[in-house]
Amino acid sequence: MKGFFEEWRAEALRILKDPGILLLFFGVQLIYPAVYPLPYRAEVLRNVPIAIVDQDRTPVSRQLTRMVDASETVQVAGHFPDFEAARKAFIQREVSGILIIPPDFTPNIRKGRTATLPLYCDGSYFLVYRQVAMGVQQSAGTLSAGIEIQRLTATGLTKKQAMAARDPLPLINVFLFNPAGGYGAYIVPAVLVLILHQTLLIGIGMLGGTQREYGDKTAIPENSSATGRTLGRIFVYFPLYCLHIVWFFGILFRIYRYPQRADLWELFFFLVPFLLATICLGLCLRHLFRERASAMMALLFTSIPILFLSGFSWPVEAIPEPLRILSQFLPATPGIGGFLKLNHMGADFYTIKPEFIQLWLQALIYFILACIISWRENFQQIKDNRVP
Amino acid sequence: MKALIPETGFRAVFCRELVRMARSRLLILVVFILPPLSFAFIAWFFSQGVLHSLPVAVLDQDNTQLSREIIRRMDATPGIRIHLSVSNFTEGRQTIQSGETYGLVIIPKNLEKDVLRGLAPNTVLYVNNTYMIAASLIMKDATMAMQSLSSGLELKSHMAEGRTRQAAIGHIQPIRVDVRVPFNPYANYFYFLAATLLPTMLHMFVITSAIYAFGSELARSTAAEWLEKAGGSPWLAVFAKIFPYTLIFCAWGLFMNAFLFRMGVPMEGSGMLLRLGTSSMVLAYQAVALFLVAVCANMRMALSLASFYASTAFAFVGVTFPAMGMPSAARIWGDLLPLTHYLRLFVDQTLRGAPVQASMDAFGSLWLFVILAGGTGLILMPGRMKNPAYWGRK
């Protein structure tokens with residue numbers, strides 16, 4: 001354990017003396033959570049503008065138009081005489097969908113035939129497509145059901161019987177967790193865990209890169225043990241990131257009103273091995289960075305791939321097997337997965353035991369590796385001392 | 001050979017840069033190795049394209065022919081795979097929480113009997129909306145399966161009353177919405193996500209390599225030598241230095257587009273405009289890099305700012321969550337990213353088949369970056385190059 005305090009002090013001083021590193025360990029945690037959720041502040045996409053081409057011009061078609069306009073997800077942005085005119089507005093991005101009410105719309109309903117409403121959606125933006133299709137289908141569905149129930153009650157059924165007859169096998173959809181379907185509540189918590197992961201890995205790497213690039217004036221304490229030095233470094237980052245956890249999930253979550261089903265202590269208990277695994281992985285990778293800039297770039301280039309690899313936005317079932325196996329070595333994968341289960345889905349600790357164990361295993365393996373690398377530093381220094 | 005490379009001038013700086021590039025492991029990585037690697041990674045990652053067979057649990061409390069038919073129909077949809085059957089709600093919820101399944105279908109007791117008695121018993125589908133993409137697919141497919149089963153039953157009862165099949169269909173479904181997706185007709189997630197992620201990765205490589213190229217001259221105090229090679233003309237120095245990067249990244253941009261089309265992204269508009277747009281995006285980000293280095297006169301600072309600028313970009317470009325739903329502050333920030341304009345042009349020209357005029361404002365915006373950011377950079381940069389006070393800053 002010799003060298004623990006010396007290295008702890010040396011590492012802390014390296015951080016405190018370097019404004020760039022300070023920015024990474026303190027600034028990012030303040031700025032990102034303020035900026036990143038900004039696009040998603042409305043949480044749900046509402047009132048997507050669509051065009052109506054009403055070639056029917058009857059009270060029924062006008063009623064349909066009103067119902068579409070009244071739906072939460074879409075709004076009628078304009079009436080156009082024909083499809084071509086509406087298409088122009090679409091290309092100009094004035095509307096994001098085109099609903100055509102054909103001239104035979106009301107006649108067909110009267111004759112008891114199915115009246116078809118062509119709806120042109122914008123498949124180039126997934127969320128827009130979903131909201132437009134949902135809003136129009138719901139409005140048309142309500143109108144359709146009304147007509148059908150009218151017909152059925154005309155044959156002598158009660159209203160309740162009529163409703164049962166028109167849909168004998170109804171399906172009720174219930175969203176578990178994130179019931180409002182908020183986009184920010186879906187993406188931001190995972191990104192926050194990723195920020196912890198990335199700033200730790202890269203901050204540590206940047207310190208290593210700076211040491212390599214500009215030479216290290218703080219030499220290894222004499223007769224120190226590799227384990228002691230590694231532990232010394234770990235205990236610089238660990239308390240700091242414990243504070244960040246409290247700030248992210250204790251304070252920011254409340255400000256943004258994100259779902260909070262686990263209590264802070266439970267989250268904390270889960271994130272301890274996550275932090276340890278990430279710090280130790282950082283210490284292992286530290287020596288790969290030969291200059292400061294490369295660490296910074298690594299932070300930038302790896303964030304998006306790691307977010308996808310963690311399997312929260314793209315279902316794990318659809319990730320190719322080799323990539324899925326590779327992702328299991330990153331603390332972010334069990335970290336984000338377990339965090340979402342614990343906090344979003346209200347899972348108990350027993351349910352996330354696999355993730356918890358995996359994180360401890362990673363922490364152990366990366367700790368041993370970090371100690372070995374630190375042990376080799378001794379030889380490096382002896383060699384360096386001989387050279388001059 | 002020596003005669004081909006003059007002592008000073010455009011070609012001299014150009015060749016000097018090639019040597020610098022070849023000597024820097026970092027630049028070789030960022031300029032030559034990482035772009036194709038990241039393209040390959042994304043293509044591999046999304047190689048399944050359309051999602052299918054997501055695991056769902058079922059709680060069948062009825063256990064009749066009809067309930068088994070429901071399960072069979074759901075399992076037969078492309079999106080859903082009935083993964084296991086559970087014996088109570090808690091157990092089903094557990095499989096969702098552990099990530100084993102994405103949803104739970106609960107079929108009520110006496111379902112078949114109640115249907116025959118005309119009571120319309122509710123089947124309930126619980127989906128885990130923590131994973132939004134999976135949830136919306138499962139919901140869509142389950143709803144479709146149930147509706148077809150339900151209207152099948154209704155149809156039977158109408159036909160039993162003596163109506164013809166067509167009259168019965170008209171009767172049970174007075175209005176039908178025919179959803180047509182002329183743009184991205186396969187609703188393929190690959191087109192939508194990968195097509196966005198590739199340029200997003202590319203822009204990161206463009207901006208960081210340019211910052212490194214300009215910034216390292218100041219950081220390593222080699223600016224005087226650089227200027228000397230350019231025959232004392234700072235602008236020539238800047239142009240000749242960035243030119244190899246422009247060439248290489250434009251080539252990567254063309255490669256990227258060809259790659260996307262090979263993966264099946266449709267090309268409905270002008271291929272020429274798209275190619276010009278990709279090259280303009282490369283130039284726009286190089287201009288922004290020059291601007292940042294010139295303003296900061298400090299590579300570290302410029303690189304930190306560029307990292308922030310590029311790493312938040314994906315949230316603001318308006319692809320996953322569209323710009324129309326963002327507050328105006330977020331929309332303005334999005335407009336300050338060349339990537340936003342490029343992706344708009346990309347979507348217009350590939351998926352939508354928009355006429356060339358419709359993309360001119362996006363194209364113009366890219367050039368606005370080149371002119372404004374690049375112009376400011378060109379005005380400030382000579383001072384930075386000539387004044388040793390700005391050199392070697394850490």
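Residue numbers in this text run from 1 along the chain shown.
Yeah, the Cβs are placed from backbone N, Cα and C, and that goes for glycine too.
The model shown is predicted, which means the values in this text are computed figures rather than measured ones.
TrEMBL annotations:
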type	residues	note
DOMAIN	A:22-371	domain 'ABC-2 type transporter transmembrane'
TRANSMEM	A:21-39	transmembrane segment
TRANSMEM	A:183-207	transmembrane segment
TRANSMEM	A:234-255	transmembrane segment
TRANSMEM	A:267-285	transmembrane segment
TRANSMEM	A:297-316	transmembrane segment
TRANSMEM	A:357-375	transmembrane segment
- Message: Which sequence-distant residues neighbour the transmembrane segment (A:297-316)? Criterion: at least 6 residues beyond either end, Cβ under 8 Å.
- Response: 187, 190-191, 194, 197-199, 201-202, 205, 289, 323-324, 326-327, 330, 332-333, 335-337, 340
- Report the listed stretch (A:234-255, A:267-285, A:357-375) having the maximum count of Cβ pairs within less than 8 Å of the transmembrane segment (A:183-207). A:267-285
- Note on the structure: Sequence-distant contacts of the transmembrane segment (A:357-375), meaning Cβ under 8 Å and at least 6 residues beyond its ends, amount to 226-227, 229-230, 234, 273-274, 276-277, 280-281, 283-284, 286-287, 328-329, 331, 334-335, 338
